[in-house]
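Database features, via TrEMBL:
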SIGNAL    1-26  signal peptide
DOMAIN    21-215  domain 'GH16'
ACT_SITE  Glu101  active site, nucleophile
ACT_SITE  Glu105  active site, proton donor
CARBOHYD  Asn109  N-linked glycosylation site
Amino acid sequence: MSSKMCVFYGLFVCLMLVFCVSMSTSSRFDELFQPSWAFDHFVHEGDLLKLKLDNSSGAGFGSKNKYMFGKVSIQLKLVEGDSAGTVTAFYMSSEGTKHNEFDFEFLGNSTGEPYSVQTNVYVNGVGNREQRLNLWFDPTKDFHSYSIFWNQRQVVFLVDETPIRVHTNMEHRGIPYPKDQAMGVYSSIWNADDWATQGGRVKTDWSHAPFLVTYKSFEINACECPVSVAGMDNRKRCSSSEDKKYWWDEPKLSELNLHQSHQLMWVRAKHMVYDYCNDASRFPVTPLECLHHRHRLL
């Protein structure tokens with residue numbers, strides 16, 4: 001290879017690395033996130049981060065940047081033993097009263113009871129889209145991956161890469177879809193014994209405190225959005241066009257593939273314990289998105 005070709009090749013590789021780094025980030029907590037509150041309730045142990053909840057405070061952190069479209073993932077080992085009344089949250093959210101939000105909420109349990117995960121989707125400040133399922137493994141014994149994938153066609157919640165929920169873009173039916181607000185990435189642990197465990201009937205037993213949730217492998221592979229840029233401009237900036245192609249806009253990611261659809265149906269059939277779409281006491285008129293969602297019926 002000639003010296004000119006070597007220089008060209010080196011420059012090409014360098015540019016490709018710059019592009020990749022701009023789109024995906026490392027797993028170091030301090031590069032991606034910063035504590036939001038209760039700094040003294042953070043425990044660093046090498047590559048592991050622990051958040052502590054006691055009867056004085058919980059703790060939380062948030063991303064240094066905001067993102068639009070892509071995938072965020074985190075590995076968690078949840079609170080061991082009697083964790084009733086506690087909630088560990090991992091979520092994305094924009095700001096303001098008309099905010100969008102995608103929630104994982106891990107609801108503590110009495111010893112021996114299954115750990116539940118509740119998901120929710122807010123669009124333009126409106127939530128009330130809770131789904132709840134019992135995990136098919138013990139999330140306190142080992143680390144498991146929890147992810148949110150988001151593009152202009154769908155929002156997918158994943159556990160160890162298994163989809164547990166899909167929120168589809170149905171704007172063609174007049175249903176708003178979250179696609180014009182950049183979001184931060186957040187996690188926290190706090191006391192919610194007024195509702196978290198068996199509807200608030202089981203309270204937090206502080207004799208088991210401190211409650212610890214452990215984190216590792218923080219990953220964000222998404223489009224970073226400058227704070228000063230308007231929502232619609234960020235949407236254009238983070239969407240593929242003739243001169244730029246983003247991985248989250250690949251046609252194969254516009255919906256679940258056949259294997260993923262089967263996984264989701266298995267989760268819903270075997271592990272789901274609550275779906276707002278089926279709650280006639282809260283919603284005498286079935287929410288419109290529930291009527292048209294392809295994964296509603298098994």
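The backbone N, Cα and C atoms fix where each Cβ goes, glycine too.
TrEMBL annotations: computationally assigned, not manually curated.
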Q. So among the recorded positions Glu105, Asn109, who's got the most Cβ atoms within 10 Å?
A. Asn109
Q.
What does the structure give for the C-alpha distance between Asn109 (N-linked glycosylation site) and Glu101 (active site, nucleophile)? Integer Å is fine.
A. 25
Q: Inside 10 Å of the Cβ of the residue listed as 'active site, nucleophile', count up the other Cβ atoms and send me the figure.
A: 18
